[in-house]
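Worksheet for the structure shown next.
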């Protein structure tokens, strides 16, 4: 079991903890598939709703909040039945807008894993307005059921009435619908190719600034992040922040980053290079490789 879970595992009922420990191996990064979840429910003799709420301390253990020191965990349950944990991330010494909220982390985890719809969001603190707006960008966002400890469950539409969303800006295919944009680039570099693929899957209906970041660690492992825009603009999730959240969930340190690549479209209304460099330089003393590509 990873050291970061030692404290949180003691907060779980013993039958659930005993069943969960084998899953918390060195490669565990917050994903539990539908079959594993069913086995946890059976072994613990708890309901699924009780298990998901009980797992929140495990999700919160993925957090990295050096500024607030407030650990928030979130669990997104997909239509597939799989669950995806996420946690808040803050960049030391940097402006607060670089922060990743736990709900954003969990949703990006699900998106990068190929999930097509979120049906439940379990979180240990009431979602802030920023996160409510971010969730509203998703497929059937208003119908996502929000679960909080010691509170009744409600749909997102209860927490965000009279919502402003993608349809107000004539966007009919929201976040989590598979979007593919093709770009022209001749490269044999696997890391650049990976970034190009993820840029093509990014979500930028308001600026067409399709973009992705890939980080490589000293052992050659890679961690990606895609741009995810929002109808309200400010809650958009930048690809570097998503990549750093991804890396953190995998229990890697920022000091292990040895290479960073940003690929973005030449036809976008904005460029993400400045914000991407700011975030990177807050955590790693390396230069950003910036590649601009033309849509096919």
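Every residue gets a Cβ built from N, Cα and C, even glycine.
For the domain 'CMP/dCMP-type deaminase 1' (47-167), the DSSP counts in helix, strand and coil order read 43 helix, 26 strand, 52 coil. Positions annotated as domain 'CMP/dCMP-type deaminase 1' by Swiss-Prot: 47-167.
Positions annotated as substrate binding site by Swiss-Prot, on the basis of sequence analysis: 88, 89, 90. Neighbour list (residue 89 (substrate binding site), Cβ cut-off 8 Å, at least 6 residues apart, same chain): 63, 64, 65, 99, 100, 105, 241, 244, 245, 248.
Per Swiss-Prot, Zn(2+) binding site is recorded for 101, 128, 131, and the stated evidence type is sequence analysis. In sequence order, 101, 102, 103, 104, 235 make up the list of same-chain residues 6 or more apart from residue 131 (Zn(2+) binding site) whose Cβ falls under 8 Å from its Cβ.
The annotation active site, proton donor is assigned in Swiss-Prot to 103.
For the domain 'CMP/dCMP-type deaminase 2' (186-296), residue counts in helix, strand and coil come to 36 helix, 32 strand, 43 coil, using DSSP. The feature domain 'CMP/dCMP-type deaminase 2' is assigned by Swiss-Prot to 186-296, with sequence analysis given as support.
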Task = Using a 10 Å cut-off, grab the number of neighbouring Cβ atoms around the Cβ of residue 88 (substrate binding site), all chains included.
result = 26
Query = Taking the mean position of the Cβ atoms of 88, 89, 90 as the substrate site, which residues outside that list, in the same chain, have a Cβ no more than 8 Å away, listed in sequence order?
reply = 63, 64, 65, 67, 68, 87, 91, 99, 100, 101, 245
Query = Apart from 101, 128, 131, which residues in this chain have a Cβ no more than 8 Å from the mean position of the Cβ atoms of those residues at the Zn(2+) site?
reply = 102, 103, 104, 127, 129, 130, 132, 134
Remark   = Densest Cβ environment (other Cβ within 10 Å) across the recorded positions 90, 103 belongs to 103
Request  = Look at the binding-site residues 101, 128 and tell me which residue has the greatest number of other C-beta atoms within 10 angstroms of its C-beta.
outcome  = 101
Query = From the Cα of residue 128 (Zn(2+) binding site) across to the Cα of residue 90 (substrate binding site), what is the distance in angstrom?
reply = 16
